[in-house]
Amino acid sequence: MTKLIFIFIWKLFLISVIQSQKFLECKFDDGERPCRLNPVGLSTPELTLTSTITLDNPSIDPIMPLSDVTSIITPTMGNNLLCQLPYKLDGNSKDIYFCSKLESSSNVSSCFTGDSSEQECLPGQYIMAQPSAGENLTYFIEVLGTSGSSCLSFYYYITRPNVGQIVIWCTDIVGNIVLQFGKTSNVPYNGWHRTEFSFSPNITNYQLYFDLQRFESTDGFISIALDEIKVTGGRCESDIIETTTMSTHTIPTMDQTSTTTEEGITSSSISTFSTTTTKYPVVTPPDGPNLALVLGLSLGIGIPVLLAIVGGFIYYLKVRPSLTAVRSSGNTDTSDSTNIAMQPTNAKT
């Protein structure tokens, strides 16, 4: 029984460690390094690193993010409360889902919190592209040291619905095996949206690609932005899995030749895969407790305490006195002191 308890606790500990492994974390708040998304093709422009956009007319929806994700998911600098999203700047204002800075005001980027006060936001940065109609801009980043199932999560922004999408795929480190595992275009409101996808690259080192696609026959100014890109070990916490067959995908400016990778897999750079796709419903910016922090504290404190309790219980089992102690029986006054009659203390006389 004790051995089974130990095995259970050990498995629980391993699961928590695997799910907390971070193979990639790009917040862009300190610049692109070491999280630079590299353009694919000579005609693909560099992504623009952006911090705060000044809002000149709050009665019109923004055409790009007014602030990054850090500013809206981190407590404000004034009262240490989260932004209460959305909010309005005046009676004619559109719903605002960012920290904002009016062109007519000298105030810093701020938002309204739960106590209805306007507070300064913690500034950060994000990356953005502005594709033309029908244009597909591709960027990649190298991910090293992964193993088994992984979870990709990120925040994205698209100016308005039905104008573009983001397609995610990966290859081995030399660009031979193509696995498309994610696509997102849902834009229920003008703000940041979070999505996550479970996938299994089955190779230790690979390149993660983001296709920022703008549809044909779309007019006006369109922005597609990314922030808080993370790859962690284990499947995503909220898995909604559907089985699908992935279509072929051509890698721009790369030779399409058959080769053997470092793991001994022979494949072509254009392949069709039967795999699983994970789709995560879009969520509104959080205004409650930080679930990741609560879960981290619970696992970080709870597991050591549980191990201590089990260890103490096992120690007690080893050192407690025997239940079958004995006592002397009958006359002990004999000439031979080595021949004393004994019987268990719980025996009937």
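Every residue gets a Cβ built from N, Cα and C, even glycine.
Caution: TrEMBL annotation is automatic and unverified by curators.
Remember, predicted model here, so these are calculated numbers, not experimental data.
Summarising the annotation, TrEMBL assigns compositional bias 'Low complexity' to 328-339.
If you look up TrEMBL, you'll see 340-349 marked as compositional bias 'Polar residues'.
Annotation comment: TrEMBL describes 146-238 as domain 'MAM'. Confidence for the domain 'MAM' (146-238), expressed as mean pLDDT, is 92.
Annotation source TrEMBL lists region 'Disordered' at 327-349.
For 1-20, the entry in TrEMBL reads signal peptide.
The transmembrane segment annotation in TrEMBL covers 291-317.
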By DSSP assignment, list the helix, strand and coil residue numbers for the domain 'MAM' (146-238), in that order.
0 helix, 50 strand, 43 coil
